[in-house]
């Protein structure tokens, strides 16, 4: 068996409201960096196949509905095969996300370890743990073919994992696949469990792991890059814009400081929502009462999952809520939705400020990564901004779906679980990928267009605001309107209209003094 990653030290990095969510050392699955377990991770080239299993051949499996033929080269069983036949919806692209499959491996391994303490034959527990570890490692990925659109509790996918792990454990012990001896998918792999508590548990495990290992690092990467630009641009004075019209000046660094703060708040929002995702439903079984499990099973499973992942999970204090409602998923999706709003604003600003190169705002020079047009030679487009804003739109759509799904719990069970899992993992993956791409291929390469910035600052009529304390609002408005009408400068009209001398204008209208409050 693969060794368990034991915890030697523990450092709390996330805590809100007294609830648990600590990352213990570096998140791993028994020593494997979890970065390899992203939804887009390439699966290993050494997939396991049953001994003697040949493509095109079948073996007979059975469930309570009777016998059914299953491909001989696959480890799944009767219930998985029936689901394949009954839910032909969407094809391979709608399969359960791989992070969820790997989370099933984590949970089934943890459950087998704990069940050993409650009477499961140690020999069977060892074989189940070994098979579950192979699920974690990705060696059984192609044995999880089911689509998201199935029973709303995720029963088919839970049984898919039970059957695959059971058959692999049978093979490890020298038995016959499909015999359910000596390892039974329900009696042994699913011991002390129900799909109703198992699926929400793996939803949380998968989401937390992906957030810790992909999304948060990507957002921090973006935050650092924007912070660097804030510092780099702090002495560049430019014109501000409100309502897409000229406004008073600010520094380019100040403008970027807004972006830095938005991303920083986004990271805080994730951290604040994480503790509820670190609460596991396991132990509630069918309706939250814990029927057919053991006292303390829920706590021990959470502890075991924590050791396997190096992230602190706790058992949910109320299993009825954990099965019937998935507010923690909706809450996290809400945080991701806010982040999508922030990133769309940032990307649109950068795209607009970089518009041109000759007929736009032209205050930023964006990296040229690829040709932009199949018909217009030399054209370069703000492609990273466009990609990021499309991701943001998708995340907003995912949140709408999650909102409906989260509101659709009925009595003791929410029956939109697979859809919730698919969309939250999609949002996490997309935002993480997009933040990395936007940072590496756009933000770090942004340069100021000094000429364009200076021209806009010089020509802006809103510099007249600096004259307010000296000649009053109405007179300032008259200067601005006259300058616009005559296509002249503020300074010319200030003098021509008799409000002061050129020297007074130069003394009072100084953009570098207009970017902060007056000192008293």
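In case you wondered, yes, glycine gets a Cβ from its N, Cα and C as well.
Pulled from Swiss-Prot, these are the features on record:
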TRANSIT   1-39  transit peptide
BINDING   153-155, 184-187, 194-196, 242, 374, 379-381  substrate binding site
ACT_SITE  243  active site, proton donor/acceptor
ACT_SITE  373  active site
SITE      386  site 'Important for catalytic activity'
Pairwise Cα distance for residue 185 (substrate binding site)/residue 386 (site 'Important for catalytic activity') [Å, integer]: 47
Of 243, 373, 386, i.e. the recorded positions, those within 10 Å of residue 187 (substrate binding site) when Cα atoms are compared: none
Number of other Cβ atoms within 10 Å of the Cβ of the residue listed as 'active site' across all protein chains: 10
Between residue 242 (substrate binding site) and residue 386 (site 'Important for catalytic activity'): CA-CA distance (Å): 22
Residue, out of the recorded positions 243, 379, whose Cβ gathers the largest set of other Cβ atoms within 10 Å: 379
In the chain carrying residue 155 (substrate binding site), residues 6 or more apart in sequence that have Cβ under 8 angstroms from it: 195, 199
Whole-number Å value for how far residue 373 (active site) lies from residue 381 (substrate binding site) (Cα to Cα): 8
Spatial separation of residue 373 (active site) from residue 153 (substrate binding site) - C-alpha basis, Å: 47
For residue 386 (site 'Important for catalytic activity'): DSSP state (helix, strand, coil): helix
Residue 243 (active site, proton donor/acceptor) and the residue listed as 'active site', distance between Cα atoms, whole Å: 30
Neighbour tally for residue 242 (substrate binding site), based on other Cβ positions within 10 Å of its Cβ: 9
Secondary structure at residue 379 (substrate binding site), reduced by DSSP to three states: coil
